[in-house]
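Positions annotated as active site by Swiss-Prot: E244, C278. If you look up Swiss-Prot, you'll see G221, S222, S223, R224, T225, G226 marked as NAD(+) binding site.
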Amino acid sequence: MSTHYIAGQWLAGQGETLESLDPVGQGVVWSGRGADATQVDAAVCAAREAFPAWARRPLEQRIELLERFAATLKSRADELARVIGEETGKPLWESATEVTSMVNKVAISVQAFRERTGEKSGPLADATAVLRHKPHGVVAVFGPYNFPGHLPNGHIVPALLAGNCVVFKPSELTPKVAELTLKAWIQAGLPAGVLNLVQGGRETGVALAAHRGLDGLFFTGSSRTGNLLHSQFGGQPQKILALEMGGNNPLVVEEVADLDAAVYTIIQSAFISAGQRCTCARRLLVPQGAWGDALLARLVAVSATLRVGRFDEQPAPFMGAVISLSAAEHLLKAQEHLIGKGAQPLLAMTQPIDGAALLTPGILDVSAVAERPDEEFFGPLLQVIRYSDFAAAIREANATQYGLAAGLLSDSRERFEQFLVESRAGIVNWNKQLTGAASSAPFGGIGASGNHRPSAYYAADYCAYPVASLESPSVSLPATLTPGISL
């Protein structure tokens, strides 16, 4: 089966056998063989060969091609949404919004490139000072499984726009989405070698990340893998490394007038996408006392009624499956471990169908747990921590190596301004779901959550480097020579 796209040709893999499975029914969605080191090398070489012509292509022509890609995505939106749902387990309504985000990424990237890069000039003494931006060359893009279309797209589109050529390695759990996305690029007329696809797991990823022909690597995924890449790229300052990783995100709740609005916002923050967004709330900080008790009682009651089901079920579920049976098992074991350390299950996470990666929402009160693990449990498992006062809430919110997202539900603007200053996160929301983000704003965090701001408006910053020039049409003597020189 031809599963890799290298130098404008579809090729069969020569590496390990791969399958992607429907997370609910466990049927085979895609099968093939991964790319081995030789094929990875061929992909990097193809990108290097294509780079000079692509980088010299006028910006407006590159934009035209990207706009044709967006139009192709629109024309194939239903097909792509279904494949995303089938392979990830997320409901069709959510898959459709992902495709829309992929389409919109083109216009956002063009706007960002024009505003944040491009060319600027001005007079400086007897010369002209010019600022330009140039592409790095050949970059690798590693994609995650939770948004297998949108998140890699957030690297690939700005990278190509800036004039780079790309070798794309998607998650081994979502190869079919990647294959269909590549076909949309091909339909849009992308030249051979400009974007190459190598499918595979660890073997393929290690070969690509270690390739000496790369000028950079853009990654969205787990902190564990991101840390490995960071170590691997250590001592290579000549290469650009952009990492967007996870978070142990806190959502602090104060007593608010509209309790149901707070409950809805918490659910959207913690359980959207079955908890498989890097900005999902992992820790819910609730005040001690009667109001906090009432909030949790209502949260548990509503969460217990959330519809969970297959991606194409009707009526549509709120939550689909997590990505795989192994992911579901890991989450259930994490819940068991926390309960064993003293956590109180307010709503136990369950697996309603044996052999399916469907999970119901889980809510644990971990206030009494000593040495709580600072870990991102990537699924519908929410930890509740009761706090005594706002200062204690902020201390608890910041008690993490991560720094991706933090949120506050409060009727007090003064409280939010304090939270904004004292919290440690790249995204800080007030009375909005933690998973909400503006495409015109930077997306990313600090600490173990990564560097740079991939997948959003600021992606232009790491896809091209600035070049400063002093220019004059001819060589001429200055009006006054430097002391000690005579001509």
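In case you wondered, yes, glycine gets a Cβ from its N, Cα and C as well.
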10 Å Cα neighbourhood of C278 (active site): matching recorded positions from G221, S222, T225, G226, E244: G221, S222, E244
Pairwise Cα distance for G226 (NAD(+) binding site)/E244 (active site) [Å, integer]: 8
C-beta crowding around T225 (NAD(+) binding site), within 10 angstroms: 18
E244 (active site), number of other Cβ atoms within 10 Å: 28
Entry from the binding-site residues list S222, S223 having the most other CB atoms no farther than 10 A: S223
Distance check against E244 (active site) for the binding-site residues G221, S222, R224, keeping those with Cα within 10 Å: G221, S222
Other residues, Cβ within 8 Å of G221, S222, S223, R224, T225, G226 Cβ centroid (NAD(+) site): F219, N227, L228, L229, M245, G246
